[in-house]
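Data first, discussion second: the structure below is written as structure tokens.
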């Protein structure tokens, strides 16, 4: 069977609902990198892959609306982290899988997303999560929508870590080498400037 041709459709969630503390309170998804907002880079990558593009955002709703089929927001104003956005998106997803990406990772590429989808095809009942060396990257994951109840139970029990919330579901790894450049996380002004500078060399 041609696995690539058989890949089921997925909903895609771009996480842009954080407080932006490391960016001085700025909305990370709207910060420019290489002349475009970070969310615009992720939109260009993911738009061809889904008819259900969801953005989790808690401010600048009008700006984000142009990049999404759906917007979701946390059910409170406490900025409880990325699990809040995942929790809000899972019941709204139109497909059986939700592929999750952070807005501050613009170097993620299509081959990595394809590898995640192929792994999900092999393990349809379990979350798929990127692992860089020995470290899990829980915000680069695919979650079966059928697992929403487990994550909701973890949330109601006080869990706020996506990785720990998914542990009972036995995530399957997409294994990458340590320091894979595609996982560069531009979550501080210095990192953002450093990547821009390196790209000029």
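From the backbone N, Cα and C atoms, a Cβ is placed for every residue, glycine too.
For the GTP site, Swiss-Prot gives 15, 16, 17, 28, 104; the one candidate out of 74, 75, 76 that the record lists there too is 74. Under the three-state DSSP scheme, residue 15 (GTP binding site) falls in the strand class.
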